[in-house]
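A quick write-up on the structure given underneath.
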Amino acid sequence: MTTIERITTPRIRIFDTTLRDGEQSPGCSMSPPQKLVMARALDELGVDIIETGFPASSQSDREAMALIGRELRRPSLSLAVLSRCLQADIETSARALEAAANPRLHVFLSTSPLHREHKLRMTREQVLESVRKHVSLARSYIDDVEFSAEDATRTELDYLIEVARVAIAAGATTINLPDTVGFTTPEEIRAMFQQVIAGVADVPNAANVIFSAHCHNDLGLAVANSLAAIEGGARQVECTVNGIGERAGNCSLEEIAMVLKVRQAFYEQDSSINTPRIVGTSQLLQRLVGMPVQRNKAIVGANAFAHESGIHQHGMLRHRGTYEIMRPEDVGWEDSQMVLGRHSGRAAVEARLRALGFWLDEDELKLVFEQFKGLCEQQRVVTDADLQTLMQGGSNAQGYRLASMTISDVGSRANALVELSDPDGNRVAETAQGDGPVDALFGALSAATGVQLMLDSYHVHSVGIGADARGEANLSVRHEGVEYDGTGTSKDIIEASALAWLDVANRLLRQRQATAHNSTDVPTPATA
């Protein structure tokens with residue numbers, strides 16, 4: 001039997017629904033073995049409840065529940081499955097939960113006027129009777145039963161209170177009030193939780209019931225609404241890793257966990273999340289479902305702890321608290337990133353050069369900084385290899401340059417011929433075939449340069465207006481396990497793609513040159 005803690009406990013339960021609601025995001029389906037891998041990571045992350053799927057909907061979800069239930073036996077971990085308010089669904093779900101050490105049966109029914117009339121075609125009284133009947137049935141199988149009033153935030157408040165009273169009287173141990181379509185606002189959901197909790201206070205055992213928030217992100221308010229629900233009395237938040245889910249997604253687990261950690265003094269609540277595992281869990285999910293997060297995603301995005309502004313970098317060098325409210329290592333990143341680009345100042349460039357072993361006097365630094373600024377006009381980001389090349393006097397800094405290219409069709413495939421000028425000024429020509437013009441182009445560039453790149457993502461868009469518009473190609477690639485980004489701009493999008501590819505290849509070339517140079521001539525730091 002699962003012990004239900006009182007709502008006064010100063011801890012927010014994290015109900016992870018990545019494997020159920022998150023998986024409903026287009027393109028994010030997972031096989032049972034993949035779900036098991038993800039469930040292991042969620043267990044290590046420290047979530048309180050893992051919703052593994054919807055057993056009545058597929059054999060795959062039943063298999064996943066069996067795999068996960070047999071392996072994950074942590075006493076403080078509950079495993080949940082979702083069920084409609086239908087006898088057959090509940091019986092199927094109860095059987096699926098037999099493998100779980102601490103099972104939870106999660107039943108739901110729509111309660112809003114829109115859903116009652118157009119989806120269920122049921123009256124208010126019929127919905128109440130269905131809740132009473134099916135929560136009681138679920139409780140006859142499982143001691144821990146959660147009831148969700150689907151579309152709660154668009155349900156009449158007096159009726160929502162009545163539904164919650166019936167569900168609690170029938171044996172529900174958790175009442176979930178979902179913002180199913182991401183419609184509500186923080187002020188509204190805070191008041192809703194306060195009034196529903198007050199409205200059920202006299203129902204027997206209501207003091208032991210946990211109220212839960214499940215917020216969608218259609219208006220970008222899922223995390224804000226979940227926090228407001230906590231202020232209103234919710235003690236469970238339903239969320240997903242990386243915020244994946246239907247439409248615009250769900251409340252982001254990593255964001256809610258870090259808000260509670262960073263602002264613990266304000267919310268006077270915490271969670272059981274092992275936060276240094278957040279980034280690893282996020283990256284595992286990205287690999288499993290093939291859905292990367294945007295670079296500026298809070299907590300887990302590549303830019304979450306990256307600083308390019310010169311003012312910010314200068315402050316960070318003096319005290320990291322000037323521009324960071326949490327430490328990157330607290331969520332699983334190794335360290336903050338000082339991204340050197342056109343917004344960077346001399347202090348950041350000098351600090352990076354010293355980290356690379358180059359100690360310069362004021363005149364030397366002034367000269368190198370001018371060269372650095374010139375390089376920033378040619379590329380978005382300046383890497384360690386670029387700095388090392390500057391310190392070597394810029395030898396071969398130009399790298400490979402595109403001289404010409406020809407794309408043609410060969411039956412159902414494309415053929416690319418590229419001619420490059422190598423770093424020494426020699427001409428190199430290579431051809432390759434591919435499934436399309438870009439695939440063939442990248443193959444020919446690889447043959448010409450000897451650089452092998454694994455493409456992760458690629459997109460093009462227009463820059464400028466009218467006749468002055470140019471195509472910009474952006475790609476992310478991997479080389480020997482390291483991720484690189486490249487950018488190219490041209491009137492022709494295929495040429496822009498070639499320039500983006502060469503942007504990365506030339507960076508790797510400079511890196512090799514710098515490594516070779518340093519292996520024979522390592523600069524000695526000045527003594528203090």
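Cβ atoms here come from the backbone N, Cα and C positions, even for glycine.
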Task: Which of Asn242, Asn250, Asn274, Asn296 belongs with Asp21, His214, His216 in the Mn(2+) site listed by Swiss-Prot - done: Asn250
Task: Greatest C-beta neighbour count within 10 angstroms, which of the binding-site residues His214, His216 - done: His214
Task: Residues in the region 'Regulatory domain' (401-528) grouped by DSSP into helix, strand and remaining coil - done: 44 helix, 56 strand, 28 coil
Task: Taken over the domain 'Pyruvate carboxyltransferase' (12-279), the model's mean pLDDT - done: 97
- [ ] Using the centroid of the Cβ atoms of Asp21, His214, His216, Asn250 as reference, list every other same-chain residue with Cβ within 8 Å of it (recorded Mn(2+) site), in sequence order.
- [x] Thr17, Pro178, Thr180, Cys215, Asn217, Ala222, Glu238, Cys239, Thr240, Gly245, Glu246, Gly249, Cys251
Open item on the list: On the three-state reduction of DSSP, what should I expect for Asp21 (Mn(2+) binding site)?
Closed with: coil
